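Enquirer: Here's the feature list from TrEMBL:
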- A:12-35: transmembrane segment (TRANSMEM)
- A:74-99: transmembrane segment (TRANSMEM)
- A:75-266: domain 'ABC transmembrane type-1' (DOMAIN)
- A:111-131: transmembrane segment (TRANSMEM)
- A:143-166: transmembrane segment (TRANSMEM)
- A:187-212: transmembrane segment (TRANSMEM)
- A:247-266: transmembrane segment (TRANSMEM)
Amino acid sequence: MMYTTRTSPLTRGVVHLVLVAYTLLCIGPVLLVAINSFKSRAAIFRSPLSLPDATTFDLIGYRTVLGQGVFARYFLNSMIVTLGSLGCVLLFGAMAAFALSEYRFKGNKLLGLYLSLGIMVPIRLGTVAILNMMVASRLVDTHLALILIYTAQGLPVAVFILSEFMQGISKDLKDAGRIDGLSEYTIFFRLVLPLMRPAVATVAVFTMIPIWNDLWFPLIVAPGEATKTVTLGAQVFIGQFVTNWNAVLAALTLAIVPVLVLYLLFSRQLIRGITAGAVK
Amino acid sequence: MDSLQLQNIRKSFGSMDVLKGVELDVTRGEFVVFVGPSGCGKSTLLRIIAGLDDQTSGDVRIDGKLMNGVPPAKRGIAMVFQSYALYPHLTVAKNMALALTQEGVAKAEIDTRVATAAAMLRLEALLDRRPSELSGGQRQRVAIGRAIVRQPSLFLFDEPLSNLDAALRGGTRVEIAKLHRQLGATMVYVTHDQIEAMTLADKIVVMNGGVVEQVGRPLELYNRPATKFVAGFIGSPAMNFIDGATAARVNAAAVGVRPEHLVVGRDGSWSGTISHAEHLGADTMLYVEVPEIGLFTARIPGDVAHDVGDIVGLTPQEGRLYRFDREGRTMTG
């Protein structure tokens, strides 16, 4: 099955054509944002598709954004929220997956299903209830509020994917640890988690991007100046009558950078994990 | 004093009984092998001895101390797994030392013990390597080394040779036997390979369907199998069984004769056509199709001229015919 694409150069060409087309489709808008962020306002509207040249090159957008000063704060907020929730999702997701796949207890399967149920129910349906909860627990306008929400949002997929992977880890290895007197926590953190790296990287990428990009919950739960995230912060440039496109595009372009770095970090792990498994 | 004592061990998973009351005494220094087909409960029994699984009922005693509910690390045991189960992030030396570090043994003592074990297993040159840089045989030696350094009162082996290729398996088998002589420790070994069982064991425990069929020295099992199952399981190729009228003539439900105890001649008790012949040099295996009875296997020393299609007679050697009753028990007299 794997080799069918190798047999015919024509099939291979078509497959690559489709892939390239899809890639362009995905990258196109992002590239457009990045290109136009380096152009003057007039040039953005006159020829939005052309690259910046000597006459149209303008850093006014970046100067506006960085000149605001608060933007560094917004970036920091986004980072805190994303990394905080990512950490929680991966830690608790992996621990739950370990418990579900390692220990036999009554209702094990049912609990696994229950935990995965969240995949099918969008968390935004519960926005009103969540907001009530946050108000009642005085968490509105805190990073913690967002971290808690995003942890809840990311856990179902994390538990689902990680418990599948967890089942593939040698039972003997864990038993050897038990015989050598390692605690269950040591077995989990020192033996199991390092072997789970590729799966954890996959889950990290899936979890991270929607959190970084989210506008909904920061707007509702943490709109205050001190907790504003980048996506929410960029909205200040979008006015009811006038929109500072230079600034919006520059802010969005800057917002791509950290998440891109994180992605590259994880995807390296991901690829290393895949090849290590293949060679063994 | 007994090194290991099992009393009426039962284990059920849900409504399925995996072990149905196992009794066993193992004296100090003995090499005991649990053998049986897959699913007979031998691995489960080993895991219960190790404390990795809990028995549903019954008592496990190690060195006379009741071990029910005691965690694996506190039982004075060490275990070698089929898949080696080395810690991938630790060097060979640290793999061997980990259990001792956990127990809080002094650093100098750990170093001596690791060095001794490494010398015993020819691992000195590999101490700084990671498991991923070792071959299968080396990994298994490290796994054995990890068990030795703990100086346990009981060694447990869970099919340790199954992942090795045939040539390496023979060599490692000899090494384990040598190790047993050197250490004089009590060892419990699980395998489905009856050759490993026959060559290593002081005492073989043949298990089938969650019960112990027979316990005895290897040749005792070969010469005096207690049941039809043991007769068929010990010895390779397996014993030939004949039921029906032939067996009824000697008042048995079935009779059995081992391939090596059949004499091939022009005529004999049974005559049939050779359907396949395997010439191994030292032995020749003849598969003889006897009409109305079935396929016989005969093992003849040396190379013989018989070939496929020949009609030959088969006669069991004097006193080498086993009789079994309806419940599969061996009939004596």
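Note: Cβ is positioned from N, Cα and C throughout, glycine not excepted.
Bear in mind that TrEMBL entries carry predicted annotations, made automatically and left uncurated.
Are these features on the surface or tucked inside, and what touches them?
Expert: With a cut-off of 8 Å between Cβ atoms, the residues of this chain six or more beyond the transmembrane segment (A:12-35) that come close are 5-6, 48-49, 51-52, 249, 252-253, 256.
Only residues 6 or more beyond the boundaries of the transmembrane segment (A:74-99), in the same chain, are considered here, and those with a CB under 8 A from a CB of the stretch are 115, 143, 146-147, 149-151, 154-155, 158-159, 162-163, 165-166, 188, 192-193, 196, 200, 203-204, 207-208, 211-212, 218, 226-233, 254-255, 258-259, 262.
Beyond the transmembrane segment (A:111-131), the same-chain residues lying 6 or more positions past its ends with a Cβ under 8 Å from any Cβ of the stretch are 96, 100, 140, 149, 152-153, 155-157, 159-160, 163, 216-217, 220-221.
Residues 77, 80-82, 84-86, 88-90, 92-94, 96-98, 100-102, 112, 115-119, 123, 130, 134, 192, 196, 198-200, 202-203, 206-207, 210-211, 214, 217-218, 221-222, 227, 229 of the same chain lie 6 or more positions beyond the ends of the transmembrane segment (A:143-166) yet place their CB under 8 Å from a CB of it.
Tertiary neighbourhood of the transmembrane segment (A:247-266): same-chain residues 30, 33-34, 36-37, 44, 61-62, 64-65, 71, 75, 78-79, 82, 201, 204-205, 208-209, 212, 230-231, 233-234, 237-238, selected by CB-CB distance under 8 Å and a gap of 6+ residues from either end.
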Enquirer: Should anything in the same chain at least six residues away from the transmembrane segment (A:187-212) have a Cβ under 8 Å from its Cβ atoms, list it; otherwise answer none.
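Expert: The answer is 78, 81-82, 85-86, 89-90, 93-95, 98, 150, 153-154, 157-158, 161-162, 165-166, 169, 173-174, 177-178, 230-231, 255, 258-259, 262-263, 266-267, 269-270, 272-274, 277.
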